Amino acid sequence: MTQLVVESNGVSVALDPRRSYRVGRDPGADIVVSVDGVSRTHAVLRFEGGQWILEDAGSANGTYDGGRRVQRLVVAPGSQVRLGHPEQGVPVAFRAAPASATRAEPGTDPAAHPAPAQGGFSPHPPGQVFPPPGGQGQAPPPAQQPPAGYPGQAAASGPQSVPPPYASPPGQGDGTGTMPPYQQSAQGGGTGGMPPYQQPAHGDGTGGMPPYQQPAQGDGTGGMPPYQQPAQGGTGGLPPYQQPTQVGGTGTMPPYQQPAQGAGAAPPYQQPAHGDGTGGMPPYQQPAQGGGTGTMPPYDQATQFGGPGSMPPAAQGYEADPIGYQPTHGTPPPRAPMPTMSGQYREPTKVRNLGGQQVLRIGRAPENDMVVADLRVSRQHAELRSSGGTYELVDVGSRSGTYVNGQRVERAIIGPNDIIGIGPSTFHLVGDVLTEYTDTGAVNFSAHDLTVTVDKGKVLLDHVSFPLGEKCLVAVIGPSGSGKSTLLRALTGLRPADQGTVSYDGRDLYRDYSELRSRIGLVPQDDILHTQLTVRRALIYAAELRFPDDTRQHERKARVDEVLKELGLDHRRDNKISALSGGQRKRVSVALELLTKPSLLFLDEPTSGLDPGLDKSVMQMLRGLADDGRTVAVVTHSVANLDICDRLLVMAPGGRIAFFGPPKEALPFLGFTDWADVFQAFDDPSIDWGGRYRQSPAHQKYVTADLVQPVAQAGPVSYQPPPKPQSWPEQLSTLIRRYIRSIAADPLFLGITVALPIIMGAVARVIPAGDLTSKIPGSQGGAANLLMILCIGGCLTGAANAVRELVKERPIYQRERAVGLSRSAYLTSKLLVLGVITIGQGIVLTLVAMLGVNMRDKGVVTSPMPELIVAVALLSFTAMTLGLLISAIVKTSEMTMPLLVLTTLVQIVFCGALVHLDGKAVLEEIAWIVPARWAFAAMAGTLDISFLLPHKHGESPDPLWKQQFSTWLLDMGMMVVLTVVLIFLVERMLRRQEPEVMRKR
């Protein structure tokens, strides 16, 4: 079979039929095309039925063949497509790989056939001819001479090899380097890897090279650009710390490895190879059985087309790293791998030698020494200070927090085994060398023996274990009561399991939850945005709450626009969320979580209530999110589109795993052809579904073999509250502005708010109040009815304003609270906005009811009208807090209306207008906690109702109605006390609704 090579912008890569390739602008793609007009995931190359297929992955601007937009195309040698535009799009061509490499003869001018940079990329402008490298024994000019000991330079005469991370098994022989299994090794004792489609030349040891590459003249040294120093003894040199990014590139030194100081030497953390000069390698690699060197990078390294440079910043080499190690510093630092507690080895993003530097500043602003370009990081975030040979990490007032070993710190002495966490970056300090690792989303995630029990020993999760690989989409299905929601809360850390652990790339999520929580996104079943707002406005407010308060407005808006474009919502940005379809609303909720670039995304019933078309659309969106470099887990009842997922987790009653593996294997394993039959079979208690799966080969293949155990750590789990990205006043300001805008966007609420006090005031005027200025005792019985209507109106308007506010926003509050929202700021925003509205309604109600009514000139303190307004307004505010308490208690909005009616009736009965309460056991005590009782008494004192009302024989006036200042002050003060108590109870109820992990201290 002819091997296919894909080419674009002078860069080529050989395709391996055993895998597929994701093509797009995303830096995490297998083939990166960094050109505007190309989508993050633009197309996918895969080998099917003996031929290569190029399939458009729903790109925005399309894939074109001969000017015609195509969705799926068979490609072969000679094919050419364009990405993003039929004429100006990026050309991508396909050709057959040559059968063998042509070796240059002595005397050939290397300048005529310049050697490409390692990894198949050239950092030079297209068409530039490289000057020939020095011949045997000739060093480059001094300006190009690298410092002693750099990884591309042999430390001693003789060949030496250090394989890259995750290298393929080595070839067998006396001169072959490590290479993928499908590649033939060179026959000789020389060095140098080769692209997989090349046949090595037979000769005196020179490694094979592409036909367009002319080797330098010498005794076997592979050709190289002039800035590379060849190793002594024939080993091809490389730029320091350079990791190739092209599939099938040539050998290189991993950036974290220190070159051996002699034949056979190995770094301390590596097992040395057996031979006469092979360098050390990680323990999971088998050394070559011989003295040859030159390693081949793994075939799944990403290739970049069309972008500046040929390598990610971590691989550019220290000459090109403006904040990394500079040649003038002396010997470059060793790059040690992350300590084992951080899990899988990751390629470093930056490395910096701190020798002689007293203070290293870390933050988002460009003026910092180490720049972490993420909006979650404050502009000036932390400092690493050197004193007396030790380093101290100091948080300089960051909002998202600085972490050491998963725990937030203000300052801490840093040792060689400590892990520093700042935003998405993790730092490791060894000696004077600081190494940064950035979490780009490619993480391994797994559950280990998760068990959850509740009261009386009921088991909700029963020893649940399964792994999730990088870029994995997993669906969780099962009947009601099988523990799906409990599992979701356990995996996200919101309700940690009673037994077992969750591993985040080898780290214990529960132990390091304070740091890792920001890397997990959760989309609940209900909307987590205010539906009255437009899409863009709602996301901007969310960005204000999630990003530090030193984030500029244009930065937040740019991130919002980026997410909207990624999810295909940019054309809906100015639409109200309430006007969107169910699938589009779910996309908006996902967009909210993507603002902070989480590595893991969990969704609870995202397709609930959607038609089959929208169901498929949402699942395809999730597939794209996983392909873009995230791990996505979705709990669903829908079984229509499970084939889109990489893994399927089937939960059986009792919280046991009935199956975990590829979706296509689920039904055959369970022994049914239809999911309805499976769910019916789960009702049979005699079948041990969990035990059946644990004893199956599928469990060994898909669970046991892939689980990565988190590293055990000493000490108890310490739960810390989430960091507050904004200060309390800033949060309050954002919440108030968002609340006001959402109210203003709801015309129905505005109409009721304006009409209700006017209607209640008009009703009060219908009731004859009599002559409130009468000098005849007991002659005006209608006065009490007037005051009762004022009490009813104040209670009804205040409680009605608030009775649904908290319950309808509960999913929003719970999610925002989990990412740093202040409970007190949230409650205060409700009290202030609703309080202003409610007090205004109380004033309108009193004016409509009492204007034009003859009253005495003097009340208790001042004239009657101001005193009546204060009493009704305060009653309305107290009733509003009572409405908030009801809203915080109930589980659904439907439960609020009956309780509102009941509350209003209680106010009528116990206000004192209908029933004489003084001296009546039980009733009088109950009336003490009824706000209307005290408001009626205060207004009765103002109008001197004790004098105007007639009294039954032997019945004395209520002492709380006396027209004296002390009594009036008691009446008003009791309403204030009740308001404070009600606010406290609301705050406690809000706390009870928060995730369990938020309540642990």
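The backbone N, Cα and C atoms fix where each Cβ goes, and this holds for glycine too.
Per TrEMBL, these features apply:
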type	residues	note
DOMAIN	21-70	domain 'FHA'
REGION	98-346	region 'Disordered'
COMPBIAS	123-149	compositional bias 'Pro residues'
COMPBIAS	150-160	compositional bias 'Low complexity'
COMPBIAS	254-273	compositional bias 'Low complexity'
DOMAIN	360-409	domain 'FHA'
DOMAIN	445-679	domain 'ABC transporter'
TRANSMEM	748-770	transmembrane segment
TRANSMEM	782-803	transmembrane segment
TRANSMEM	831-853	transmembrane segment
TRANSMEM	865-890	transmembrane segment
TRANSMEM	896-915	transmembrane segment
TRANSMEM	927-948	transmembrane segment
TRANSMEM	968-990	transmembrane segment
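Contact counts against the transmembrane segment (831-853), taken as Cβ pairs under 8 Å, peak for 748-770 among the stretches 748-770, 782-803, 927-948, 968-990. The average pLDDT computed over the domain 'FHA' (360-409) stands at 92. Taken through DSSP, the domain 'FHA' (21-70) splits into 0 helix, 25 strand, 25 coil. Against the transmembrane segment (968-990), stretch 865-890 has more CB pairs under 8 A than any other of 748-770, 782-803, 865-890, 896-915, 927-948. With DSSP states grouped into helix (H, G, I), strand (E, B) and coil, the domain 'FHA' (360-409) comes out at 0 helix, 24 strand, 26 coil.
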